[in-house]
Structures are given as C-alpha cells and as structure tokens.
Amino acid sequence: MDPDDDAVRNLRVAFDDALGQKPGVERVVEVRLPTTYGEFRAVGYLDHRSGIEQVALVHGDVAGELTLARMHSECLTGDAFASTHCECGDQLSAALRAIVAEGRGILVYLQGHEGRGIGLLAKLQAMKLQEGGLDTVEANIALGLPVDARDYGAAAEILRDLGVRSVRLMSNNPRKREALVRHGIPVAEQVPLLMPPRAENIRYLRAKRERLDHDLPHLDGITGLS
Ligand SMILES: Nc1nc2c(ncn2[C@@H]2O[C@H](COP(=O)(O)OP(=O)(O)OP(=O)(O)O)[C@@H](O)[C@H]2O)c(=O)[nH]1
Ligand SMILES: [Zn+2]
C-alpha cells in the first residue's frame, strides 16, 4: 500500500477520535480471486476499532436485496486443517459452492471470531477439556471465558459497504441472525447449512443444539455415531 494511504488513514482516525466518533471498517483493497469453487473478488477491510483485518469474498453482483450471505467465523483447525472436531470446514466449502451455484453472494470470513471469540489457544484448551468429558459450553466456562464473545458489527458494516440491503443468511445459529439484525442488516431468511454429522463431532453438534439453540434438526434420529 502507498505510504500516503497510511498517513491519510492515521489522520482520519485521529480526526474521528477527536470528534469522539469511532471509525468503523475501511475498504483497503480489492482483487480478483479465482478459486476451485469459481471466481470471487476478495475485498479487504481494516476494522479501525479492533485493528483486525477482514476479508469478504464476493461473487457476482451482491448489491441490493436478498443476497445469499455467509458470515463465517474463523476456525483455523476446521477451515485450514480440515479437522472433524467441528463442521466449520465442511460449511465453508458448502457456502462457497452455494454462492457460486446461486450466481451471486458473499462470504465474510470473520477473523477475531476464532473459538467463538476466545482465540485459538483458548479454543485448543477448550477442545482438550472436551476430550476429558466436558461439552463445548462447559469447557469455555471452566476456562473462565465467555461461551460466545463474537461481535458482528464489522460484518454488518462490510455488508453495507458492499451495498447489501438484506440477506438470506446461511447459518444454523439463531443468535447470529439476531446479531446481524441488531446491527441493522435485515435477514429475510435463515438458510440452513447442515453438514452430515461424523463420529468425531456428533457430541459437539448435539451440545450446540441443546445448549446454544442451533437449528440442527438433521440430528434427530441419528444413531450409531456415538
Ligand atoms: N470455544 C470453542 N469454539 C469452537 C469449538 N469448536 C469450534 N469452535 C469455534 O466455533 C466457531 C463457529 O461457531 P459455531 O458455534 O460452530 O457455529 P456458528 O458459526 O455460530 O453457526 P453457523 O453459522 O451455523 O456455522 C468457530 O470460530 C470455531 O473456531 C470448541 O470446541 N470450543
Ligand atoms: Zn470449527
């Protein structure tokens, strides 16, 4: 990036701070991103409040109403390492495929959301506690950490910046929908993103359903996995 851009950004941050207005996300870069799923644009943002860098993957013309959208919480183990502890990696692939099949849509990859907001190392510690028998909620509590510390303000601002007026949200989490609505993004529909359970994650998925109210009706009647 041009060093002048940095200077302008710093000035703007200082100016906004002086006015008592916290600046939000700023669009920093936009680049073509061909993927094995199809062609995307990667739109990079800096969230001035948190200092976190965010990326939206955009396919087709996303401005307007009823845009198919996924607010994907970062999960290094699931998304990059294909861990089967959770279903994040499967959901990431399924969401990108669905967006390309639809011809337009957006995936915001939310950094800062790792481990439902507690961070990578704490998540690994929580996973270790789950090996010892705690469920995913009990594990966070045992660590003295919030069960869910995620914030969706930056996600909502990114959607607005891209001209999205309402979304069809790919998620099974009703609290994610409520959070987006609270941040001013109308959710016209919650589109289920149900992944087949595996022996390694059936207990985790049941805990999400029972303790975190995720809509996971496909778990009904599943036997033989644990
Ligand atoms: N604390 C904690 N976080 C986990 C664990 N397993 C996965 N995660 C994190 O959970 C986040 C995803 O949240 P989930 O509750 O699985 O799903 P969601 O994003 O709320 O809902 P969907 O939109 O339906 O995917 C990711 O950031 C993962 O890193 C775990 O055992 N403990
Ligand atoms: Zn995960």
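Glycine is treated like the rest: Cβ placed from N, Cα and C.
Marked as domain 'GTP cyclohydrolase II' by TrEMBL: 26-192. Annotated GTP binding site per TrEMBL: R70, M71, H72, S73, E74, Q91, E114, G115, R116, T136, S171, K176, in sequence order. Positions annotated as Zn(2+) binding site by TrEMBL: C75, C86, C88. What TrEMBL lists as active site, proton acceptor is D148. Annotation source TrEMBL lists active site, nucleophile at R150.
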Q) Can you check what DSSP calls C88 (Zn(2+) binding site), collapsed to helix, strand or coil? A) helix
Q: Could you check which of the recorded positions R70, E114, R116, D148, R150, S171 have their CB within less than 6 A of ligand 2?
A: none
Q | Where the C-beta lies under 6 angstroms from ligand 1, the matching recorded positions among R70, H72, D148, R150 | A | none
Q | Using Cα positions only, nearest of the recorded positions to R70 (GTP binding site) (C86, C88, D148, R150) | A | C88
Q: In three-state terms from DSSP, label the residue listed as 'active site, nucleophile' for me.
A: coil
**Q.** Rounded to the nearest Å - Cα separation of C86 (Zn(2+) binding site) and R116 (GTP binding site)
**A.** 12
Q: Find the shortest Cα-Cα separation between C75 (Zn(2+) binding site) and the recorded positions E114, R116, D148, R150, S171, and name the residue that gives it.
A: E114
Q.
So if I measure Cβ to Cβ from S171 (GTP binding site) and keep only same-chain residues at least 6 apart in sequence, which ones fall under 8 Å?
A. R70, M71, R177, Q190, V191, L193
Q. By a simple count, how many Cβ atoms lie within 10 Å of the Cβ of E114 (GTP binding site), its own Cβ left out?
A. 20
Q) Rounded to the nearest angstrom, how far is the Cα of E74 (GTP binding site) from the Cα of R150 (active site, nucleophile)? A) 11
Q) Per DSSP, R70 (GTP binding site) is which: helix, strand or coil? A) strand
